[in-house]
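According to TrEMBL, the features are:
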- H111, H115, D302: Fe cation binding site (BINDING)
- L134, V135, S136, G137, G138, D167, G180, N274: substrate binding site (BINDING)
- 24-309: domain 'Gcp-like' (DOMAIN)
Amino acid sequence: MLILGVESSCDETGLALYDTEQGLLSHALHSQIDMHAAYGGVVPELASRDHIRRALPLTRHVLETAGKSLQDIDGIAYTQGPGLSGALLVGTSIAESLAFSLNLPTIGVHHLEGHLLAPLLEPDPPEFPFVALLVSGGHTQLMRVSAIGDYELLGDTLDDAAGEAFDKTAKLLGLSYPGGPAVSKLAAQGQAGTYQLPRPMLNSGDLNFSFSGLKTAVLTLVNQQRDTLDDTARANIAYEFQEAVTEVLTKKCMDALRKTGMKQLIVSGGVGANARLRERLNEAARRRHYHVHYPRLEFCTDNGAMIAFAGAMRMQQKMQESDHSFTVRPRWDLAELTKP
Ligand code: ATP
Ligand code: MG
Ligand code: FE
């Protein structure tokens, strides 16, 4: 079964072809980062317009790369939410109209289910059940994943997401958008011991997170240092910030594995690309004989492959039927996917 996947929830247009026998055949991405950089963040209206420009050329591209034609496709999966409503509408309308004209079934995929399943696209994927850390621009959640579509929320952020904290810290340090990669690059030049930042909720006893206080602590440091905030000081702050975030994330992942009695962790979402986070998780897991699975770096952030894959899994298991009527779901709780 050959599935075309369409992702357009935010500032990346992603297309991909996933075959349930042969795996991922092709994928292509256009990132709007450069376009939004001048504004310091995503401008929704610009995002929608750009998705319109990119979606069909990228569709042609993935078909050509895979040596397939439209007639070979068996179904179309697209991100139905959550995300920016205008951006979602573009991918949704293109997918639904293409499917209508080709008489194909469609499947509206939850963007976070896409992120969550992305590590399963790699060789030697984990078997169910496992614990998932979903750590992206908009979410920081720990989940028990028992099967496709069976997700139990174990912990969540009470305020900012980890990626959001990276982005806001980057802004405070005068770095470019998106902040995660920029902060981690600067942190590599920083040193331990110069500054102290809090580890929010490290010992809260539950699996929840909170990152907004950390960002405020960075703001206070930056304000205190205003006259002496040279490159060394900025690098040291970035270093300490990254240590604080990755320490909390690592501790809570280990707690989640211990509490659930599971031995496998998967990490997905943009912050999952962070090298220091991977280093800490791998080290902590190694000591406890746990296994950690990640997506390849390019599939940590938004992409079409994860949507094609999640859609293919759902279609294969006949979990969803479509009638070509459609709505986007800008707000959509992943837990709603689990049928009682
Ligand atoms: P969501 O999926 O929750 O709707 P999103 O799609 O914007 O949000 P992703 O595309 O998964 O999120 O990830 C983007 C986020 O990941 C940004 O906040 C970015 O700063 C962060 N990020 C990307 N690379 C890194 C990195 N190397 N280190 C830390 N953070 C990173
Ligand atoms: Mg993005
Ligand atoms: Fe995302």
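Yeah, the Cβs are placed from backbone N, Cα and C, and that goes for glycine too.
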DSSP three-state assignment for G137 (substrate binding site): coil
Rounded Cα-Cα span from H111 (Fe cation binding site) to N274 (substrate binding site), Å: 20
Rounded distance in angstrom between the Cα atoms of H111 (Fe cation binding site) and S136 (substrate binding site): 11
Number of Cβ atoms other than its own within 10 Å, given for D167 (substrate binding site): 23
D302 (Fe cation binding site) versus G180 (substrate binding site) - Cα distance in angstrom: 14
Alpha-carbon spacing, H115 (Fe cation binding site) to D167 (substrate binding site), which is rounded to whole Å: 19
N274 (substrate binding site): tally of other CB atoms within 10 A of its CB: 26
Additional residues surrounding Fe cation, by Cβ distance to the H111, H115, D302 centre under 8 Å: E7, S9, C10, T79, L112, G114, S136, G269, T301, N303, M306, I307
Least Cβ-crowded entry, counting other Cβ within 10 Å, from the binding-site residues listed as H115, L134, S136, G138, G180: G138
Distant-in-sequence Cβ neighbours of G137 (substrate binding site), under 8 Å, six or more positions away: C10, A161, G163, E164, D167, P178, G269, G270
